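TrEMBL has this to say about the protein:
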DOMAIN    10-204  domain 'YjeF N-terminal'
BINDING   55-59, 119-125, Asp148, Ala247, Gly296, His340, Asp407  (6S)-NADPHX binding site
BINDING   Asn56, Asp115, Ser151  K(+) binding site
DOMAIN    212-461  domain 'YjeF C-terminal'
BINDING   Gly406  AMP binding site
Amino acid sequence: MRQVITAQQMRDAEQRVFDAEPDVDLMGRAARAVAKIAEGVAPSGPVLVAVGPGNNGGDGLFAAAHLADHRPVTVWLAMGKGHEAGLAAARAAGCHVVDAVAAAAALGDAALVIDAVTGLGSRPELPTTTATFAEACEASAVPVLSVDLPSGLDADSGQVHDSFRAQHTVTFAALKACHVQEPAASRCGQVHVVDIGVPVPQDEGQAVRQADEADVARWWPRPDATSDKYSRGVVMLDTGSEHYQGAALLTVAGALNAGAGMVRYTGRVHSGLVLSRFPSVVVGEGRAQAMVLGSGWGDTDGAEGRVANARLHGLPAVVDANALYALPQGRLDGWLLTPHAGELSRMLGCSRSHVQTEPVSCAREVARTTGAAVLLKGATQYVAEPSGRVTIAVPGPNWTAQAGSGDVLAGICGTLLAAGLPAWRAGVVGASIQAMTAARNPGPYPPDALAARLPEVIGSLLA
Ligand SMILES: NC(=O)C1=CN([C@@H]2O[C@H](COP(=O)(O)OP(=O)(O)OC[C@H]3O[C@@H](n4cnc5c(N)ncnc54)[C@H](O)[C@@H]3O)[C@@H](O)[C@H]2O)[C@@H](O)CC1
Ligand SMILES: [K+]
């Protein structure tokens with residue numbers, strides 16, 4: 001699990017270090033880390049460093065000085081000035097300081113561009129010369145290493161503006177929102193988090209973290225010698241409708257391939273269809289540990305009654321699709337709601353673009369008011385808990401943006417709830433395993449084909 005902090009939390013943490021140790025050279029540590037990663041990305045050849053007026057530029061200038069020790073380094077002061085001591089160090093080390101025209105020309109020979117124009121202090125709208133240079137970098141084959149974040153992005157947001165597009169980003173102490181939230185995250189390339197001796201404690205209730213594959217492996221429920229179908233978990237699926245029969249099959253595929261002890265099907269799709277594809281399914285209500293509701297219901301009547309009936313069972317439930325608009329009154333402790341941005345916006349009565357701009361606060365709001373965990377699906381998948389804590393699932397490729405992925409995911413999460421995982425963790429682990437399966441099987445696999453590959457991914461993860 002990796003922490004995600006705000007720019008302000010980083011600045012406060014840095015200040016605490018300076019208060020305790022006024023002479024500490026954090027910029028020196030940051031610059032050495034940048035130079036080291038630069039050597040790994042491009043071990044030889046000329047380096048071109050684009051430098052801004054603040055401390056991000058300072059990191060870049062001291063890194064340039066390190067690199068100039070043994071290779072040609074060109075420095076461009078993108079906004080006409082640079083960190084004073086850093087610039088002196090770079091000049092003393094033999095860096096060649098050039099203007100915008102010469103910088104554009106130097107791009108042709110460069111083995112690496114270091115982008116140190118803006119970092120935590122970045123404001124949207126890069127000056128035109130810098131934006132043009134960033135475009136030229138993108139059009140060239142030269143790799144870009146961004147210091148802290150690709151200049152032009154906002155550290156605390158996943159939104160994109162004119163910015164550099166990096167192959168590598170070196171950041172300090174902890175991840176920031178732009179490194180993990182799409183679409184900005186895609187502009188960061190591989191993100192290296194470097195410890196520069198700045199501890200960043202977080203308020204647990206408001207924490208944002210990103211799960212990794214080790215978390216998924218640790219949390220995945222595995223049977224032992226005492227297990228039977230009931231102790232592994234029985235999940236009851238009320239999914240699909242006459243119009244969306246496939247949704248029933250997709251939720252069953254997700255639930256079974258995630259390792260349910262038993263799947264019961266209680267939805268309105270003809271049981272013969274379900275059994276012809278999945279003969280181990282048991283049709284009708286019975287003993288169960290979790291339910292899945294809503295996938296493929298469409299606008300069918302009686303949603304409120306079906307959700308209320310599920311509540312009477314007293315079981316944790318995954319609530320998906322149209323069941324999200326039929327939530328019963330009262331706290332839904334232990335439930336997992338799985339909206340995408342459009343569904344969450346309808347639940348909140350706001351625009352979809354607002355959810356896309358503020359995904360964390362929107363997911364938190366619904367978790368707080370319902371008492372359920374909320375898995376907000378999309379290119380980045382967020383799980384908010386009623387406490388305010390948010391966990392981002394392991395990211396995956398964009399191929400899973402297709403009809404039916406959400407149905408499979410609801411089934412996977414149902415199995416995990418039935419196995420006894422708390423709702424937030426079922427959401428994180430379910431979304432992560434689907435992303436990991438897609439990452440290991442790149443290409444346009446339909447959701448049922450990817451569901452069929454879950455067992456081998458789960459098996460290899462736990463081996
Ligand atoms: N906070 C910390 O703990 C550490 C910070 N360090 C570095 O310091 C950076 C933060 O430094 P600063 O606070 O000086 O901020 P930045 O260096 O990110 O940027 C500030 C400067 O850039 C200008 N600027 C920002 N966006 C602009 C835009 N769109 N158009 C024109 N000008 C723009 C601002 O006016 C200001 O002069 C971090 O990103 C990191 O690289 C490191 O040295 C190590 C430790
Ligand atoms: K930068």
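Glycine residues also receive a Cβ, built from the backbone N, Cα and C atoms like all the rest.
Note that the structure is a prediction, hence the values are computed from the model and not measured.
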May I ask you to report the DSSP-based helix, strand or coil state of Asn55 ((6S)-NADPHX binding site)?
-> helix
Distance filter, Cβ under 6 Å of ligand 1; input binding-site residues Asn56, Asp115, Arg123, Gly406; output Asn56, Arg123
Would you mind ranking the binding-site residues Arg123, His340 by how many other Cβ atoms sit within 10 Å of each Cβ and giving me the lowest?
-> Arg123
Additional residues around K(+), ordered along the sequence, whose Cβ is within 8 Å of the centroid of Asn56, Asp115, Ser151 | Ala50, Gly52, Gly57, Gly60, Ala116, Val117, Thr118, Gly119, Ser122, Ser146, Val147, Asp148, Leu149, Pro150, Gly152, Phe164
Among the binding-site residues Asn56, Asp115, Gly406, report those whose Cα falls within 10 Å of that of Asp148 ((6S)-NADPHX binding site); none is a fine answer.
-> Asn56, Asp115
If you rank the binding-site residues Asp115, Asp148 by how many other Cβ atoms lie within 10 Å of their Cβ, the lowest count goes to Asp148
So which of Asn56, Gly58, Asp115, Asp148, Ser151, His340, listed as binding-site residues, have a Cβ under 6 Å from an atom of ligand 2?
-> Asn56, Asp115, Asp148, Ser151
Cα distance (Å, whole number) from Asn56 (K(+) binding site) to Leu120 ((6S)-NADPHX binding site) = 8
Near Arg123 ((6S)-NADPHX binding site), which binding-site residues out of Asn56, Ser151, Gly406 have their CA within 10 Å?
-> Ser151
Spatial neighbours, same chain, of Asn56 (K(+) binding site) - Cβ under 8 Å, 6+ residues apart = Ala116, Val117, Thr118, Gly119, Leu120, Gly121, Ser122, Val147, Asp148, Ser151
Hey, how far is Gly58 ((6S)-NADPHX binding site) from Asp115 (K(+) binding site), Cα to Cα, in Å?
-> 11
Would you identify the secondary structure of Arg123 ((6S)-NADPHX binding site) according to DSSP, in three states?
-> coil
Inter-residue C-alpha distance, Asn55 ((6S)-NADPHX binding site) and Asp115 (K(+) binding site) (nearest angstrom) | 13
Return the residues near Gly406 (AMP binding site), defined as same-chain residues 6+ apart in sequence whose C-beta is under 8 angstroms from its C-beta, sorted by sequence, else 'none'.
-> Ser295, Asp320, Ala321, Thr338, His340, Lys377
